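Colleague: One structure, as structure tokens, below. Some questions next.
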Amino acid sequence: MPVLSDDAVLVVGLGNPGPNYAKTRHNLGFMVADLLAAKDGATFKPHKKSGAEATTIRLGGRAVNLAKPRTFMNTSGPQVAALAKFFSVPPANVIVMHDELDLDFGTVRLKLGGGEGGHNGLRSVSQSLGTKDYLRVRLGVGRPPGRKDPAAFVLENFAKAETDQVPLLCEQGADAAELLIRLGLEAAQNQVHAWG
């Protein structure tokens, strides 16, 4: 049984706006959202009711609302909730794509609900939606070396050794979102989690 109902679907990439953050680990969600839009020939436009940037794409065989909040990561929840309300998307049909410290760099995992793992963007989304029971595409960035502050680590650009692999990670994130919509959570997890 697919986890997504026949209601509208909202796919959100999390990140920070502006060129200073464009290539940081924390902006992986934005990078995957940009890739999904480009693959469908779509362009993000300001969404007046939410303040986010949004577009509509075909993904997993259906029309999907794709968005990037335009506030900073830690306050992205209200824009996500406003989009969900505007498009009549239940929380179980909201898919949030985000960087994940608790996964090795390059790993992609799918999840429904659960904790935020210290991710303030997810915390903001959970508070604004009034539930943690939404879908996540978790994009592994790994833990910082030594005693480096994780908050500083995610705001840095990728290490030189990682940079060449970022496009593949974004492709896999985009594929994971599509499988999630097409197959539902469990079947999509079976495929995505076998990627390594």
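Here the Cβ of each residue, glycine as well, is placed from N, Cα and C on the backbone.
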Colleague: Per Swiss-Prot, which of Asn93, Asn120, Asn157 sits in the tRNA site along with Tyr21, Phe72, Asn74?
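Modeller: Between Asn93, Asn120, Asn157, Swiss-Prot records just one in the tRNA site with Tyr21, Phe72, Asn74, namely Asn120.
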Colleague: Measure from the CA atom of His26 (active site, proton acceptor) to the CA atom of Asp99 (site 'Stabilizes the basic form of H active site to accept a proton') and give the result in Å, rounded to a whole number.
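Modeller: Here the two Cα atoms lie 6 Å apart.
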Colleague: I want to check the contact list for His26 (active site, proton acceptor): same chain, sequence separation of six or more, C-beta distance under 8 angstroms. What comes out?
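Modeller: Listed in sequence order: Leu14, Gly15, Asn16, Met73, Asp99, Gly121, Val154, Leu155.
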Colleague: Could you tell me which of these recorded positions, Asn16, Asn74, Asn120, has the fewest other Cβ atoms within 10 Å of its Cβ?
Modeller: Asn74
